[in-house]
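A quick write-up on the structure given underneath.
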Amino acid sequence: MGGWSIALHGGAGDIPFSLPPERRKPREEGLRHCLQIGVEALKAQKPPLDVVELVVRELENIEHFNAGIGSVLTNSGTVEMEASIMDGNTMKCGAVSGLSTVLNPISLARLVMDKTPHIYLAFQGAQDFAKQQGVETVDSSHLITAENVERLKLAIEANRVQVDYSQYNYPEPVKDDAEKELPLTNGDSQIGTVGCVAVDSHGNLASATSTGGLVNKMVGRIGDTPLIGAGTYANELCAVSATGKGEEIIRATVARDVAALMEFKGLSLKEAADFVIHERTPKGTVGLIAVSAAGEIAMPFNTTGMFRACATEDGYSEIAIWPTT
């Protein structure tokens, strides 16, 4: 086995190269801060499952990302958060969705995994379970930012839903019942879904993903993030967290497909991840982060950019948004 490795993302999408520093730097600093937390935890020999939960909790607490505080709003102006976590060693996993008051959805997903015979709890049942477990909750208004209220207003006016990091262009006419991405004003970039994957020096793997979903999504809409095999997956070969257009990720079972290509076709992590992103999903829709049991890292995307960061035990680290080659 190789040494430990970790990767995290803050969402993929049409991130304009002209993204102003005041929009870019807080997200880069957030990734740097969370990467350091993950690195220190791995150096302290914490289990990868604990590491990915810890890192995603920190990402949820940063309002510049679309998870926890700063989650985007439904078409009713409410927050509906979702998350999932998976341990590659045991294949145990937990998922939640429809959360409106839980401060850290990823930790509730972990409790579903550890404290129930189930994998997935949603809406009122998940909220009730959070109360039973003493999970920290807040008034839903605490999770709503002025920026996201404005995003929802723009989305409703344009009759569109919007995924992570959509660039602003003047809205074109929208056909009835058509679903298009919402543009944003001033070249801004939409805050993004967050995720983390990690492997320790013994090859134990884990993955975690958390999001607020789509701007102006229908109440009750569930995306890829809480779906094991779509937005999140881990086994003895690799750990994967996906980001982008949830419906496309679900159709392609993105996270599981990476593992399946490694298992059944003998592909390397990079080969499998690149194939899924560039051959199995439409251009401009999806990105992912992945680590293998040997400590390899892959962070492909077919969008303009993806907020991402990674580090390995041998000292390599990277924080990037756009393609680096």
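For all residues, glycine too, the Cβ spot is worked out from N, Cα and C.
Note that this is a predicted model, so its numbers are computed, not measured.
Listed features, source Swiss-Prot:
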| type | residues | note |
| --- | --- | --- |
| ACT_SITE | Thr193 | active site, nucleophile |
| BINDING | Arg221, Ile222, Gly223, Asp224, Thr243, Gly244, Lys245, Gly246 | substrate binding site |
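When each of the recorded positions Thr193, Thr243 is scored by how many other Cβ atoms sit within 10 Å of its Cβ, Thr243 comes out lowest. When secondary structure is read from DSSP and collapsed to three states, Thr243 (substrate binding site) falls in the strand class. For the binding-site residues shown (Gly244, Gly246), fewest C-beta neighbours within 10 angstroms: Gly246. Here the Cβ of Asp224 (substrate binding site) has 30 other Cβ atoms within 10 Å, regardless of which shown protein chain they belong to.
Residues Arg221, Ile222, Gly223, Asp224, Thr243, Gly244, Lys245, Gly246, recorded as contacting substrate, have a largest CA-CA distance of 16 Å. Here the binding-site residues are Arg221, Lys245, and the one with the most other Cβ atoms within 10 Å of its Cβ is Lys245.
Counting in whole angstrom, Thr193 (active site, nucleophile) lies 11 from Gly223 (substrate binding site) by their C-alpha atoms. Around the Cβ of Gly223 (substrate binding site), the same chain contributes Glu82, Thr211, Gly213, Leu214, Lys217, Gly231, Gly246, Glu247, Ile249, Ile250, each under 8 angstroms and 6 or more positions distant in sequence.
DSSP classifies Ile222 (substrate binding site) as coil under the three-state reduction.
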